[in-house]
Amino acid sequence: MRLQAILSALHSLTVFEGENPEITSIEHDTRRVKKGSLFVCVKGYTVDGHDFAKKAVALGAAAILAEKPMNVGVPVFVVRDTKRAMAVVADAFYNHPTQKLKLIGITGTNGKTTTSHLLEKIFQDEHVETGLIGTMYTKIGDKKAETKNTTPDSVTLQQIFHQMTQVQVDTAIMEVSSHALELGRVHGCDYDIAVFTNLTQDHLDFHGTMERYKFAKSLFFSQLGNAYLDNRPKYAVLNADDEATEDFIKATAAHILTYGIDREADIMAKNISIHSSGTQFTLVTGGREQTVNLQLIGKFSVYNVLAAIGASLCAGVNLDSIIQSLESVQGVAGRFELVQGGQDFTVIVDYAHTPDSLENVLKTVREFAHKKIFVIVGCGGDRDKTKRPIMAKIALEWATDPIFTSDNPRSENPAQILRDMEEGVHEKNYQVIEDRKEAIEYAISAATSGDVILIAGKGHETYQIIGDQVLDFDDRMVAKEAILRNRK
Ligand SMILES: CC(=O)N[C@H]1[C@@H](OP(=O)(O)OP(=O)(O)OC[C@H]2O[C@@H](n3ccc(=O)[nH]c3=O)[C@H](O)[C@@H]2O)O[C@H](CO)[C@@H](O)[C@@H]1O[C@H](C)C(=O)N[C@@H](C)C(=O)N[C@H](CCC(=O)O)C(=O)O
Ligand SMILES: Nc1ncnc2c1ncn2[C@@H]1O[C@H](COP(=O)(O)OP(=O)(O)OP(=O)(O)O)[C@@H](O)[C@H]1O
Ligand SMILES: N[C@H](CCC[C@H](N)C(=O)O)C(=O)O
Ligand SMILES: [Mg+2]
């Protein structure tokens, strides 16, 4: 695509009268620049991309998009906000792929990955070609690729959508993080259905306050239906039990469908009963009541299921088929995943890494546990510090045997993170075992028949980040090996 054609998408006042080279790619990272790239200078949190402009030109960049004028020997276009401009040109460069896809986005503090997988199952059972973008991977059909962020930067994102359109994906389902909304990674994406799970504390290191965090989430709904050249109906699927929903209803011009358990909603679950191998509830919607038997466990799982029902109904799937698909889902990797090694106690690996998710999961465990509940929990380094004491308090409140340990300390001192957690508790009925492997092994050797061990925080992760080292670590494997060793 020619430079002029890409830049005309910006509707900028800058008059362009120079050469009009063929642009081979849009890049914001010199490590990916090739001959003919348009290099976008982005001010980051660690470095400023403007400092890499010369290097980009040396590597073959044909033009630069920047927030300030510079003299680097190729055309430079100055815009107020390069992150936003990058999203606009990426959308244009890939020929507006989201206008060719049915796009479903899911935002919220917890439940995005789970709900996206429920939706994937529903659509695949309908023989619809699906694409998935989220925390664990990007998936086109059954082909997986690794991703760095839950929601990738705008260029990567548009490139993935483009790939999806190349293989005839019909419906793309993606997690939309609050970081992505704040940083404009999803600008230009033409969503058809926007789902909200819940808003509870996390990421205050990034957003500062819950109000700012809520504002970032609200952008998803206020921007829904604002894409150019569009006449498809837009739907917001919102959790009626979450207070933020009232604000999102005001923010959006889209059609609204609500779901809930406690408050009146379009799609409701009643008579929920939770047992150790599943959850049953009565679904009330459209004047109809029917029993649903899930293999998923917990009230929080019911919320995710209701969200998935709402989104797939908006997409036109028949309710009976939706329920059939949901009843057949066994679980999502690292979410309430059981580790089985023939032991006579229960071991669960779960991705709960926020106060609300930890409390929900522990409450769920309490529904069926009659003996000791061990919880192994830590808090990530270089992430929201204020959640540390709160998570520690929740662990003590709901478990009989809490063990505080490390969860990706990153650049922080692991012992300091544990001290921050301990600020939240005053009784000494917990243990601190900094080494996560030792903590898991200890709980497994101490558990007896009928106990439950919840290993929280890392779920599907297969690493532990200590300093700048990424070490192999998988809670499920460590637990299984310990169980098998103990049984010998
Ligand atoms: C805080 C944050 O979101 N940071 C993101 C940001 O990185 P950054 O600001 O540090 O970038 P930087 O290193 O300063 O670089 C600035 C610019 O210079 C460029 N550069 C840099 C070095 C170089 O040699 N050449 C070069 O061109 C970079 O490509 C970039 O364009 O831009 C990067 C590229 O897009 C992101 O990968 C990175 O996410 C980091 C890895 C991250 O940890 N983000 C987390 C907090 C995050 O976004 N999480 C959310 C939600 C998680 C959830 O679901 O709970 C997510 O969506 O993943
Ligand atoms: N609807 C929900 N409400 C509260 N907690 C939930 C809900 N769904 C899942 N959880 C809890 O949150 C954890 C993370 O779930 P999931 O991975 O689906 O969320 P996510 O929003 O994708 O998280 P992330 O922002 O880290 O990508 C689960 O392991 C479970 O403990
Ligand atoms: N998407 C979340 C993942 C946290 C997972 C937890 N294991 C940690 O490292 O804190 C985040 O980046 O905050
Ligand atoms: Mg996720």
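Here the Cβ of each residue, glycine as well, is placed from N, Cα and C on the backbone.
Feature list (source: TrEMBL):
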type	residues	note
DOMAIN	106-311	domain 'Mur ligase central'
BINDING	Gly108, Thr109, Asn110, Gly111, Lys112, Thr113, Thr114	ATP binding site
DOMAIN	334-459	domain 'Mur ligase C-terminal'
BINDING	Arg383, Asp407, Asn408, Pro409, Arg410, Gly457, Glu461	meso-2,6-diaminopimelate binding site
MOTIF	407-410	motif 'Meso-diaminopimelate recognition motif'
Spatially speaking, which of the binding-site residues Arg383, Asn408, Pro409, Gly457 is closest to Gly111 (ATP binding site)? Use C-alpha to C-alpha, please.
Gly457
Would you list, in sequence order, the residues of this chain other than Gly108, Thr109, Asn110, Gly111, Lys112, Thr113, Thr114 that have their CB within 8 A of the centroid of the site's CB atoms, where the site is the one recorded for ATP?
Ile106, Thr115, Glu175, Thr197, Asn198, Asn304
Around the meso-2,6-diaminopimelate site formed by Arg383, Asp407, Asn408, Pro409, Arg410, Gly457, Glu461, list the extra residues of the same chain whose Cβ is within 8 Å of the site's Cβ centroid.
His353, Gly378, Cys379, Gly380, Gly381, Ser406, Lys458, Gln464, Ile465
List the binding-site residues Thr109, Gly111, Lys112, Thr113, Pro409, Arg410 whose Cβ sits under 6 Å from any atom of ligand 4, in sequence order.
Lys112, Thr113
What number of additional C-beta atoms lies within 10 angstroms of the C-beta atom of Gly111 (ATP binding site)?
26
How would DSSP class Arg410 (meso-2,6-diaminopimelate binding site) in three states?
strand
So of Lys112, Arg383, which of the binding-site residues has the fewest other Cβ atoms within 10 Å around its own Cβ?
Arg383
Among Thr113, Thr114, Asp407, Asn408, the binding-site residues whose C-beta sits under 6 Å from ligand 3:
Asp407, Asn408
If I take every residue in the motif 'Meso-diaminopimelate recognition motif' (407-410) and average their pLDDT values, what number comes out?
98
Of the binding-site residues Arg410, Gly457, Glu461, which one sits closest to Gly108 (ATP binding site) when you measure Cα to Cα?
Gly457
